[in-house]
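Lifted from Swiss-Prot, the feature list:
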- 28-55: coiled coil (COILED)
- 52: thiamine diphosphate binding site (BINDING)
- 256-277, 294-313: FAD binding site (BINDING)
- 384-464: region 'Thiamine pyrophosphate binding' (REGION)
- 435, 462: Mg(2+) binding site (BINDING)
């Protein structure tokens, strides 16, 4: 790489790492690198977003979907600051992302120059690798190390580079590192396998809690569950690891979860945690033996007191553990859970078919599921929309579900669909958003238009921050500042050069989704829905008490008496 500029070296190395596009916004502290990207535009495409937050969210979503490094680029100062939300999303969900941040000219660093901030200090908490590049010669080595670390530690790597360094010639050979990361298979230890197998063999009511660590072990998970006669509950980021209608599947756990999952957790005599660090202790059983499988030893016992642990690669570990356990012939617990889940499906599917005005979000999601391709990518935003998609979109084994699960940042839906369409263009990319989440990033709909991405954006529009309203009410408070000024999102889409479709009636849903999903341009389907409360699968006494307090306050202060369906509430309570 001698006699090449640092910018040239960077573009070549990114290509060697398999990167074919970079998200960001051009500007004065990265102009020299932008020039190199212009030269390499046929191999390394620059995707111009309208906000750096969207660039980082898209890079994170791409990494979650493909497992490959996502790359975003910003100028110094405000541009770098804007990256943080998306980078924290990548950190929280363990997605490998590289952020390249421009910096003021090297001769001005440390002099409080225009747009100068202390980038290393700012990125310190979010990054697993964080370096400021001080010479052209060091940049190739640092870039390789940054990407390798992002992969190995499943997190964010940041390189801060002054613009003049991109144009500086590299005066020496060779490069002492190579653009390669070899992922090893961590084999489980025999003594760990024996101990875990003993607990599983002795259990009469084992239950599996599967996390996103099982995404590369779907087949192994089902084979293990069948032999252990264990029902499977999944965390939100693991949605799709098990097909929703599989007989072992009990749905999600927590606020977005199902009643069968909650009740099975209460009844189990062994908790088997696979590839998850589920944080909500209140939804896990009390004083129950637990075993945990994870590739990261620091995760074992982090959230729940485990009796035995297994540190290994998910697929390899499950295959070996399955060989060690006995086939469980007593399947009464599994059969009872399957029966309870079927009752749950029967109950919630009534909401999907009931004719109502305004529309229910459950109806919208059910019709979308019927219209979506068998290998569609669902990029789901944060809010009540997360609840409806987690419960009512019944995924198969070929579909993917991406979401900001741990940081839970609103506005992730549209960037995720953009990333999905760019990285896997042969698949349908569908963003499912609330009006609150979409409005946070709606300025980037023109990005999809500009790059001719045939994404579909479905907006569940209740003119409200529904999850926040519900949380306020459950605390016993009257909802305040949750109503949103409505926007005609279909008209907005048309003004951006996309197709806009407004839906207000049930009979309009299927034609709207068919048109959107078969279009060769971005389409926004703006669906007006009622303000349906996202009742948890199992209502706790504390939630019922808080909501009762809200109803009394609302009656005496506003002369309004509002509550969800009594029949539905009683079924969730008892």
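From the backbone N, Cα and C atoms, a Cβ is placed for every residue, glycine too.
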Rounded to the nearest Å - Cα separation of residue 462 (Mg(2+) binding site) and residue 296 (FAD binding site): 41
Cβ neighbour count within 10 Å of residue 462 (Mg(2+) binding site): 26
The region 'Thiamine pyrophosphate binding' (384-464) - residue tally per DSSP class, helix then strand then coil: 36 helix, 17 strand, 28 coil
Where residue 268 (FAD binding site) sits in the secondary structure, as DSSP reduces it to three classes: coil
Rounded inter-Cα distance in Å - residue 262 (FAD binding site), the residue listed as 'thiamine diphosphate binding site': 39
Separation of alpha carbons, residue 256 (FAD binding site) and residue 435 (Mg(2+) binding site) (Å): 19
Assigned element (helix, strand, coil) containing residue 308 (FAD binding site), judged by DSSP: strand
Nearest of the binding-site residues (256, 268, 302, 308) to residue 52 (thiamine diphosphate binding site), judged by Cα-Cα distance: 256
Other C-beta atoms that fall within 10 angstroms of the C-beta of residue 308 (FAD binding site): 20
Per-residue Cβ crowding (10 Å cut-off), top of binding-site residues 256, 274: 274
Coarse DSSP state, helix versus strand versus coil, of residue 262 (FAD binding site): helix
CB contacts for residue 296 (FAD binding site) [other CB atoms within 10 A, all chains]: 15
For residue 268 (FAD binding site), nearby residues of its own chain (Cβ under 8 Å, 6 or more apart in sequence): 205, 206, 207, 285, 288, 333
Least buried by Cβ count (within 10 Å) of the binding-site residues 262, 302, 435: 302
